[in-house]
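Notes follow the structure.
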Amino acid sequence: MAQFYSAKRRTTTRQIITVSVNDLDSFGQGVARHNGKTLFIPGLLPQENAEVTVTEDKKQYARAKVVRRLSDSPERETPRCPHFGVCGGCQQQHASVDLQQRSKSAALARLMKHEVSEVIADVPWGYRRRARLSLNYLPKTQQLQMGFRKAGSSDIVDVKQCPILVPQLEALLPKVRACLGSLQAMRHLGHVELVQATSGTLMILRHTAPLSSADREKLERFSHSEGLDLYLAPDSEILETVSGEMPWYDSNGLRLTFSPRDFIQVNAGVNQKMVASALEWLDVQPEDRVLDLFCGMGNFTLPLATQAASVVGVEGVPALVEKGQQNARLNGLQNVTFYHENLEEDVTKQPWAKNGFDKVLLDPARAGAAGVMQQIIKLEPIRIVYVSCNPATLARDSEALLKAGYTIARLAMLDMFPHTGHLESMVLFSRVK
């Protein structure tokens with residue numbers, strides 16, 4: 001009779017090596033060298049020595065994890081959040097704000113091959129005015145989880161506090177948890193969004209099954225007692241207003257209305273400073289014609305219109321164009337027009353572009369603006385401000401402007417998301433005469 005033997009499981013002992021960290025990358029990972037290879041080690045800071053084991057070994061680099069830290073950097077901080085290290089939201093609470101800003105600025109300078117002239121920043125804590133919290137019902141405990149995703153996982157970290165949220169939203173977390181955990185429908189809840197607008201606080205609840213009248217009544221009572229504007233979302237397309245009027249926020253002296261699902265910059269303080277800096281960099285004059293590409297609902301467009309002769313905002317999403325037009329009317333601005341266009345096509349042939357533009361601002365999504373760089377060059381503006389949420393696509397797009405005779409006059413790191421690996425930036429290009 002044949003006999004079958006199970007194969008012996010291979011056991012490998014990972015070698016412990018001692019490294020010295022000399023840099024911090026923009027994602028908050030310590031950078032060290034070992035045997036001629038770059039090592040990325042989460043949790044370590046420059047000037048720290050540690051025993052580590054390699055977890056991933058590639059041809060050009062390797063990743064490692066800390067076994068034992070042997071020394072502490074003078075810029076090491078005690079994380080404020082008890083969930084830090086498990087929650088995927090923040091990566092850099094263990095580093096001083098100054099070190100975070102220096103490392104991000106250095107990464108930006110390397111990509112752009114140009115010195116970073118300034119950092120545009122605001123308060124490092126309590127800055128986030130929007131949060132989307134995942135909801136998950138646990139049948140064994142009959143409890144509702146509410147929180148953010150774990151780092152590198154779809155599992156939820158059940159958060160009790162979040163010090164990067166604006167204080168009004170952080171204070172709401174236990175109350176929202178208690179309310180949602182008391183609903184009959186807690187098995188059928190997807191996520192809850194909290195937004196702090198100038199007009200007040202919004203709560204948007206995504207539910208995957210119809211709510212009972214008792215649940216609706218509980219939610220309405222909760223929204224009234226906490227002074228919230230309540231919105232219910234039975235699917236991704238429908239949004240029911242239960243209480244509250246059109247929300248709005250202040251932007252450089254103007255009032256911008258938005259729909260609860262519209263994109264708004266989550267850091268109000270940096271947004272205000274960013275818009276003010278963009279206007280200063282463009283040096284907008286009363287006779288200028290200014291073009292704002294990827295304009296959204298007018299975050300830059302409307303403040304520009306307070307200083308220029310005329311402003312054209314161009315956006316690829318029709319609903320945002322309508323919102324921009326509405327915001328222009330609400331603020332009594334008659335020298336600004338919004339257009340819905342496919343920005344991958346040649347917009348320079350449109351009637352509104354025939355007189356050209358003196359200045360151009362663009363604020364594209366992460367994919368960048370490769371399709372419009374040649375169009376901007378055709379317009380021959382004197383100054384261009386490019387606001388970026390992805391330094392890699394910014395560096396790529398900048399090459400076209402540099403080849404066309406523009407130079408980088410100013411480069412700023414926008415500290416829009418302190419304690420995270422997100423790096424945003426703003427560049428001023430000037431045309432060489």
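Cβ atoms are placed via backbone N, Cα and C, with glycine included.
Under the heading domain 'TRAM', Swiss-Prot lists 10-68, citing sequence analysis as support. The feature [4Fe-4S] cluster binding site is assigned by Swiss-Prot to CYS81, CYS87, CYS90, CYS162. Among the features that Swiss-Prot reports, S-adenosyl-L-methionine binding site is placed at GLN265, PHE294, ASN299, GLU315, ASN342, ASP363, with the record citing sequence analysis. Annotated active site, nucleophile per Swiss-Prot: CYS389, in sequence order, evidence recorded as sequence analysis.
Sequence features annotated in Swiss-Prot and their locations in the structure.
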residue : record                               : DSSP (3 states)
CYS81   : [4Fe-4S] cluster binding site        : coil
CYS87   : [4Fe-4S] cluster binding site        : strand
CYS162  : [4Fe-4S] cluster binding site        : coil
GLN265  : S-adenosyl-L-methionine binding site : coil
PHE294  : S-adenosyl-L-methionine binding site : coil
ASN299  : S-adenosyl-L-methionine binding site : coil
GLU315  : S-adenosyl-L-methionine binding site : strand
ASN342  : S-adenosyl-L-methionine binding site : coil
ASP363  : S-adenosyl-L-methionine binding site : coil
CYS389  : active site, nucleophile             : coil
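Same-chain residues that are not part of CYS81, CYS87, CYS90, CYS162 yet have a Cβ within 8 Å of the Cβ center of the [4Fe-4S] cluster site turn out to be HIS83, PHE84, GLY89, GLN93, PHE148, VAL159, PRO163, ILE164, HIS419. The DSSP breakdown of the domain 'TRAM' (10-68), given as helix, strand and coil counts, is 0 helix, 38 strand, 21 coil. Here the binding-site residues are CYS81, CYS90; the one with the fewest Cβ atoms within 10 Å of its Cβ is CYS81. The separation of CYS81 ([4Fe-4S] cluster binding site) from ASN299 (S-adenosyl-L-methionine binding site), Cα to Cα, is 31 Å. The two recorded residues, PHE294 (S-adenosyl-L-methionine binding site) and CYS389 (active site, nucleophile), have Cα atoms 13 Å apart. When Cβ atoms from all protein chains are considered, those within 10 Å of GLU315 (S-adenosyl-L-methionine binding site) total 24, not counting its own. With every protein chain in view, the residue among the binding-site residues GLN265, ASN299, ASN342 whose Cβ has the most Cβ partners within 10 Å turns out to be ASN299. Just so you know, the Cβ of CYS162 ([4Fe-4S] cluster binding site) picks up 22 other Cβ atoms within 10 Å once every protein chain is counted. Looking at ASN342 (S-adenosyl-L-methionine binding site) and CYS90 ([4Fe-4S] cluster binding site), their Cα atoms lie 35 Å from each other. When the binding-site residues CYS81, CYS162, GLN265, GLU315, ASP363 are screened for a Cα within 10 A of the Cα of the residue listed as 'active site, nucleophile', the ones that qualify are ASP363.
As a whole number, the greatest separation of Cα atoms within the S-adenosyl-L-methionine-binding residue list GLN265, PHE294, ASN299, GLU315, ASN342, ASP363 is 23 Å. Across the structure, CYS87 ([4Fe-4S] cluster binding site) and GLN265 (S-adenosyl-L-methionine binding site) are spaced 22 Å apart at their Cα atoms. Across the domain 'TRAM' (10-68), mean pLDDT in this model comes to 90.
Residue density at CYS87 ([4Fe-4S] cluster binding site): 20 other Cβ atoms are found within 10 A of its Cβ, drawing on all protein chains shown. Of the candidate binding-site residues, GLN265, GLU315, ASP363, the one lying closest to CYS90 ([4Fe-4S] cluster binding site) when CA atoms are compared is GLN265.
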